[in-house]
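Here is the structure we will look at, set down as structure tokens.
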Amino acid sequence: MAPISSTWSRLIRFVAIETSLVHIGEPIDATMDVGLARREGKTIQAYEIIGSGSALDLSAQVSKNVLTVRELLMPLSREEIKTVRCLGLNYPVHATEANVAVPKFPNLFYKPVTSLIGPDGLITIPSVVQPPKEHQSDYEAELVIVIGKAAKNVSEDEALDYVLGYTAANDISFRKHQLAVSQWSFSKGFGSLLLTIRMAQTHSGNINRFSRDQIFNVKKTISFLSQGTTLEPGSIILTGTPDGVGFVRNPPLYLKDGDEVMTWIGSGIGTLANTVQEEKTCFASGGHE
């Protein structure tokens, strides 16, 4: 199986100032950290990628048409993302700090697609898990694999041939609920909390440094998860967080209203920055104001 080939090396999805429509494009400045530039209010321009408008369109071509970013979106829409698979405890030091045995096999759980928000979105802490300190709202910086073509029963040697690109995520977790049960999907699926940003077609530099200490690296992960089932194009895989999460710190560090959370992965992916907001719930009272 030949590796995926495309005309872009970095891809963003955005609403353009010029058209007020959603486009995909390649940032003109190859060295720009798009997420950080967005946070600093800088102008971001991209060459429009012409095709079906989807990052999954392998025949799409980078044009010379320049567009300016008004709103930065996830690199794939919710409709394009087939499944959100996640690995837990995939770094030995993180497993140790959490006082959990290092897994012998990938520790898989799923998140609902409805938990996805874009890089311009707010991390909303739902009222059901407030106050945050009691429910232990935590952050997890993770490297994300984006699958570009159907993969089933893939060997480790050919696993990278199915990778469209890599992106960053912040897997927001509520530790009180996570540690109360053996299945983590409930505690990691509240509201719109999981964040993705831009894709980079690379597996070198900082991505290697980010993943070198993984128990199950990218090749092992794709091969294992494809056995007996199909990883469809548009599937994303969160590969776990390194050590340093909030709930193991002394004192613990939990997310709260007004916090800014920044996740950085190199190799063209860059910074993911979002603000935390606690959900405000209003109740009607018999028709009187």
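In case you wondered, yes, glycine gets a Cβ from its N, Cα and C as well.
So that you can see what the record holds, here are the features copied from Swiss-Prot:
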- Glu140, Glu142, Asp171: divalent metal cation binding site (BINDING)
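Under the three-state DSSP scheme, Glu140 (divalent metal cation binding site) falls in the coil class. Asp171 (divalent metal cation binding site) has a Cβ environment of 25 other Cβ atoms inside 10 Å.
Around the Cβ of Glu140 (divalent metal cation binding site), 22 further Cβ atoms fall within 10 Å across all displayed protein chains. DSSP assigns Asp171 (divalent metal cation binding site) to coil in the three-state reduction, outside any helix or strand.
Note: the divalent metal cation site is recorded as Glu140, Glu142, Asp171; in the same chain, Cys86, Tyr139, Ala141, Ala169, Asn170, Ile172, Ser173, Leu238, Gly240, Thr241 also have Cβ atoms within 8 Å of that site's Cβ centroid. Sequence-distant neighbours of Glu142 (divalent metal cation binding site) (same chain, 6+ residues apart, CB-CB distance under 8 A): Cys86, Ala168, Ala169, Asn170, Asp171, Leu238, Thr239, Gly240, Thr241.
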